[in-house]
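*Asks:* Shown below is the structure under consideration.
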Amino acid sequence: MTRAERKKQHIEHALSTGQHAETGLKDVSFVHVGLPDLATSQIDTHTTIGGLTFGSPIFINAMTGGGGKSTYEINRSLSIAAKETNIPVAVGSQMAALKDKEERRTYEVVRKVNPNGIVFANLGSEATIKQAKEAVEMLEANMLQIHLNVIQEIVMPEGDRDFRGALERIAAIAESVGVPVVVKEVGFGMSKETAKKLFHAGVAAVDIGGFGGTNFSKIENLRRQKALHYFDQWGIPTAASLAEVHTSFPDQTVLASGGIQDALDVTKSIALGASAAGLAGFFLKSLTDGGEKGLIADMIDLQEDVKMMMTVLGAKTIEELRQTQVVISGDTSHWLKERGIDTTYYSVRTNKKKG
């Protein structure tokens, strides 16, 4: 099977397996603010990541590329929608284009239709400095995502089995590539120990890519003759991973992704410490169901709904939203307690804007 054929299968299986909504975000509840003293017109949703200013705390997370015409059309539509809504967009792994020049167009279209937007290049942790620079140049990218997908590779029939040297390669790329580097998980979550190593390696941010969204173990198991189903429930749920990493490194930039389905999930993620939230499966389904117009409408609604929630929480800015009070219960509370994290960090903190 060619890489392009595999990419097409990934899209098909991502749509068929869907999102399984075990993110843990249901365990997070806002403390209601009765006197927000704020108008929606005052809300400022700008956020800063790696020295870059995003107009919105929402971004289109890495999905696809390198699968011929079908992935070309998906990336083209996503980028058009990103341009229309001023939302950053990430491409899927560009390794296919580095190995087959005919696939470059499936990625380059993102910059072609969105010449002034924020675009993330993307490679796996096996990449070299040379490959990282080529990926960034291909898109004139503003940032580089490096994805960690050990479980996906293990379950993938033709996947990698040797993960030695990844941290050293990431550190070398972060030092040399010339744009901010974000390291992201792909649906299995990130622990505070992994995040610590990555921050020490010099990355600008981590995207925790929590369990609860697109499940790459399930996707790859659909492609196997003998399934490895024990990996289908493997990972740290989004809410637990995000809270664990943020509370351990409150001064570092953390991004949220993994099963984020609506504005409430976005708002909760930011309250847990994220500087921005990435959606992939939600946008892919929106595009499939409603085309470009439907996708753009959903993106606009998402942004407006976040503003309304910020208003009722009395949070004028993203930084103020990151200080709002939330109560964590259920499995997420249990996880954090067992990991030595005091959840009153979130529930009793004060923000003078609230009352």
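Yeah, the Cβs are placed from backbone N, Cα and C, and that goes for glycine too.
Feature annotation from Swiss-Prot assigns substrate binding site to ARG6, LYS7, GLN152. According to Swiss-Prot, the FMN binding site annotation covers ALA62, MET63, THR64, SER93, ASN122, LYS184, THR214, GLY258, GLY259, ALA280, GLY281, on the basis of sequence analysis. Residues or ranges marked as Mg(2+) binding site in Swiss-Prot (evidence: sequence analysis): GLU153.
Map the listed features onto the structure and describe their local environment.
*Replies:* The Cβ neighbour count for GLN152 (substrate binding site), using a 10 Å radius and every protein chain shown, is 22.
The secondary structure of THR64 (FMN binding site), as reduced to three states from DSSP, is coil rather than helix or strand.
Classification of GLU153 (Mg(2+) binding site) by DSSP places it within a helix.
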*Asks:* Per the record, FMN is bound by ALA62, MET63, THR64, SER93, ASN122, LYS184, THR214, GLY258, GLY259, ALA280, GLY281: how many Å separate the farthest pair of Cα atoms?
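*Replies:* Looking at ALA62, MET63, THR64, SER93, ASN122, LYS184, THR214, GLY258, GLY259, ALA280, GLY281 as a set, their Cα atoms extend up to 20 Å apart.
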*Asks:* Given the binding-site residues GLY259, GLY281, which one has the fewest other C-beta atoms within 10 angstroms of its C-beta?
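*Replies:* Fewest other Cβ atoms within 10 Å, among the binding-site residues GLY259, GLY281, is found for GLY281.
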*Asks:* Look up GLY281 (FMN binding site) in the DSSP assignment and report helix, strand or coil.
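*Replies:* For GLY281 (FMN binding site) - judged by DSSP and reduced to three states - the answer is helix.
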